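Copied over from TrEMBL, here are the features:
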DOMAIN    222-311  domain 'Wax synthase'
TRANSMEM  20-38  transmembrane segment
TRANSMEM  50-72  transmembrane segment
TRANSMEM  78-98  transmembrane segment
TRANSMEM  142-160  transmembrane segment
TRANSMEM  180-204  transmembrane segment
TRANSMEM  275-299  transmembrane segment
TRANSMEM  311-332  transmembrane segment
TRANSMEM  353-379  transmembrane segment
Amino acid sequence: MNSIDTLLQAGNTRFQTGIPITMIIFSIPTGLLTLLLVNEKISNHVKQILSIPLLTILFLTPILFSCSNAIFDLLSSVACYNLFLRLFEFYWISPLLYGKSVYAHPDYIYTEFWAALCKFPKSNKKKNHDIKPKVYIKDKKWYHIVSYMTYHAFICDLIGSWWSTFSSHDIIVMRQDRPILFFVFLFVIVFMLNSAFNMFGYALHLFHCIYYDHGSYSEEQWRSLMKNPILSTSLEELWSIRWHQLLHTSWVAFGFRPARYIAQRLLAKTVKNPLPIALFMGTLAVFAVSGLMHEYIIFNNVGWSIYSRFFLGQQLFFFFIHGVGMTLERFVAKITKKYMSSTLLESFLVKHIIQRIWVFSFAFFTFHFFMDGFAYWGIWNDNPFTLTRPFVYQFFLSIVPNGRNLCGSLL
């Protein structure tokens, strides 16, 4: 029993299997679960029984095995968590809650996987007249994607070099000791995350362009994974539009739809219009699923001993409070529309100054709940892009007056 407990401690107790073996370990159950899912001959009950050990292996992989690289450990945790959610929904939630069969067509899986990056043409039928699906003209080549990736890699390199001057302790205490620098840090890191996610998105896009589209693509059909979240004028815009939607389908399927469905069923006989409450519960469920994913990531990589003492619940609180903030925004929007003119609400002062002050203030006072666990983990230490690091160090040491004051203690 003690040996099992030790294995489940995660963190430094994990087997250091390296990147290829860890990827293989979680790819095997994922592949088998997908093959079962698209099979029409095997019964639902047999599929569900076979899914139990495979889902268990998938969920436990980043708890038991490490890639020995923080970036890939992050990717492993994110992949295993969301594959577990999506496949669990297919195998268990849909059959038990909605009475659906344990089945998904390969085309459906393909479309759902790429939906965060690609717009798929749909045919609509109105008044018995077929409307042909939109045809996207391929006007770009694979090397355009490479150029976008290069730009975002440069941003990750440049900002990552500055970030490398900070120790874990520097970042954790920065909000109290250096609040102005913390605000700048928040702004810069979100800008870097925009490039990091977009680079990952373009890597996926490049694979699709070469493998499926033979080297060309339609710019109109494909979109960036992130849309400059630092420009957000509301939390709603931040999380629903500008932040990446890569995991949207998993969180909606596992969180939003079941929560909304259950809430509507429970409230149908007691509340006249249960839909607003059901939608609110669905929204909170999505933020809860997101928060639990980040809890899972921190637990896997710092280990239970540290996680339980210092970081337990921080990620869940961060995403929950942002869900509450979004709900508050909607309430305030309804009130202001009643008592304030549309001219004032759409003015530059309100739309671009007051609303952005609200977003950045909310982020400033909550960001440390998100950041502390990742700061302790020191994920930036495995940044693969270090080309500009010597030049960045030299810039702050020799060119910028008092440049050390803008950096961490490691410079």
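Count begins at 1; order follows the chain as displayed.
Heads up, the Cβ atoms here are built off N, Cα and C, so glycines get one too.
Where the annotation comes from TrEMBL, it is an automatic prediction and has not been curated.
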Stretch contact, the transmembrane segment (275-299) with the transmembrane segment (311-332), Cβ-Cβ under 8 Å, 3+ pairs: yes
Tally of residues which DSSP labels helix, strand or coil - the domain 'Wax synthase' (222-311): 67 helix, 1 strand, 22 coil
Seg_contact(the transmembrane segment (311-332), the transmembrane segment (353-379)) with at least 3 CB pairs under 8 angstroms, min sep 6: yes
Cβ contacts under 8 Å made by the transmembrane segment (180-204) with residues that lie 6+ beyond its boundaries: 116-117, 145, 148-149, 151-153, 155-156, 159-160, 162-163, 171, 174, 224-226, 228-230, 244, 246, 360, 363-364, 367, 371, 405-406
